[in-house]
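What follows is a short report on a single structure.
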Amino acid sequence: MFKDISIKDFDPVLAEAMAAESVRQENHIELIASENYCSQAVMEAQGTDLTNKYAEGYPGKRYYGGCEHVDVVEQLAIDRAKELFGAEYVNVQPHSGSQANSAVFLALLEANDTVLGMSLDAGGHLTHGAHINFSGLNYNAVQYGLVEGTGLIDYDQVESLAKEHKPKMIIAGFSAYSQVVDWARFREIADEVGAYLLVDMAHVAGLIAGGVYPSPVPFADVVTTTTHKTLRGPRSGMILARDEVLAKKLNSAVFPGNQGGPLMHVIAAKAVCFKEALEENFKTYQQQVVKNAQAMAKVIQDRGYEIISGGTENHLMLISLVKQEMTGKEADKWLGDAHITVNKNAVPNDPKSPFVTSGIRIGTPAITTRGFNEAQAGDLAGWICDVLDSRGDEAVTAEVRGKVEAICKELPVYAKNQ
């Protein structure tokens with residue numbers, strides 16, 4: 001019986017929720033910087049019988065039989081990622097970016113070793129030393145921030161803290177920073193104190209693959225990333241390195257140190273994603289992602305809203321609402337009512353709690369996949385400001401929602417109207 005089961009017939013409640021989410025994605029504008037729309041080919045790979053196969057170990061060195069075909073799948077993903085990023089070593093087994101980071105900690109550090117990373121309210125990630133995360137609970141985490149007034153990474157502070165605390169590992173990377181990171185400066189600082197340099201490029205991996213953002217691979221000892229976001233693949237993770245000196249440690253940290261069997265259907269989807277990213281049109285897409293972000297930033301700033309660091313050189317921006325005396329939670333709700341999805345986000349020295357915040361983060365990967373150009377991105381930024389200026393006024397929200405519905409029909413996600 002199970003061979004013929006369909007979700008619609010067997011589990012209509014689940015089917016209804018899934019269908020509703022498909023409708024939401026088609027009819028709402030997605031501006032969460034970490035979200036994107038993957039291709040039908042990526043989704044097709046994830047929905048195959050590869051999901052049935054257990055394959056502990058690595059290609060050619062498995063603990064289970066019957067892995068000759070999944071070995072081909074995983075090796076394809078590895079080889080394509082190496083070509084895409086110019087890395088000598090790649091591990092495509094991490095289930096997420098956080099698990100990739102966790103594996104690097106396990107490979108390179110001992111418990112209570114000192115790590116230096118960007119603080120959450122400056123734009124860092126939980127796994128960069130936040131006190132509520134494994135990286136802050138199990139290690140001595142020291143945090144750097146931004147230059148007050150400019151919103152740029154305070155490299156002098158990074159250097160000063162590195163000299164003072166002698167970290168075993170320095171983490172460069174971010175989840176809410178809109179400028180270009182100076183990877184070479186981080187390398188210099190790491191070398192000064194004899195630290196490993198880990199770069200978490202999760203947010204900008206697609207931009208790097210597309211040649212519109214500098215690559216950290218020549219500078220870092222280890223690079224981690226997710227494979228969704230700007231890379232437009234499945235929700236998963238990956239580890240890269242510039243040479244194979246650390247390969248054995250990293251492989252052992254992923255399996256058996258941090259995970260059991262890899263998700264072969266997801267690894268197949270990564271292989272598809274990397275092949276897509278090697279195409280010439282992927283570069284054009286990434287160029288448009290940045291153009292759209294800059295078009296939005298200009299309108300938002302012209303309308304009187306502050307963007308931390310004064311603009312954007314990548315796919316995202318962090319908007320401070322302190323001057324407007326509104327919270328990120330309010331803005332998130334008001335824009336959501338207009339069918340524009342963003343996320344509330346802390347700003348530097350945020351007086352509000354992480355559940356409320358004083359800012360919102362927006363990004364352009366998803367709208368660019370959808371087909372937005374600079375003019376349409378600028379219009380969208382204006383609609384956002386209209387809703388915020390009105391503090392969620394029902395009439396203004398309804399007017400903007402109508403505009404959102406119209407452009408969503410004009411630019412469907414998967415070339416079909418729901």
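Each position is counted from 1, following the chain as shown.
Quick reminder: no glycine exception, Cβ is built from N, Cα and C everywhere.
Other Cβ atoms within 10 Å of the Cβ of Pro354 ((6S)-5,6,7,8-tetrahydrofolate binding site) number 13 in total over all chains. If you look up Swiss-Prot, you'll see Leu120, Gly124, His125, Leu126, Ser353, Pro354, Phe355 marked as (6S)-5,6,7,8-tetrahydrofolate binding site.
Taken residue by residue with DSSP, His228 (site 'Plays an important role in substrate specificity') is part of neither helix nor strand, so it is coil. Per Swiss-Prot, site 'Plays an important role in substrate specificity' is recorded for His228, and the stated evidence type is sequence analysis.
Annotation comment: Swiss-Prot describes Lys229 as N6-(pyridoxal phosphate)lysine. Its Cβ placed at the centre, Lys229 (N6-(pyridoxal phosphate)lysine) has 28 other Cβ atoms within 10 Å.
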>> I'm trying to understand the geometry here, so how far is the Cα atom of Lys229 (N6-(pyridoxal phosphate)lysine) from the Cα atom of His125 ((6S)-5,6,7,8-tetrahydrofolate binding site), in Å to the nearest whole number?
In response: 15
> Leu120, His125, Leu126, Phe355: which of these binding-site residues has the sparsest Cβ neighbourhood within 10 Å?
Replying inline: Phe355
> Rounded to the nearest angstrom, how far is the Cα of His228 (site 'Plays an important role in substrate specificity') from the Cα of Phe355 ((6S)-5,6,7,8-tetrahydrofolate binding site)?
Replying inline: 25
>> Long-range neighbours only, meaning 6 or more apart in sequence with Cβ under 8 Å: which ones does Ser353 ((6S)-5,6,7,8-tetrahydrofolate binding site) have?
In response: none
>> According to DSSP, does His125 ((6S)-5,6,7,8-tetrahydrofolate binding site) sit in a helix, a strand, or coil?
In response: coil
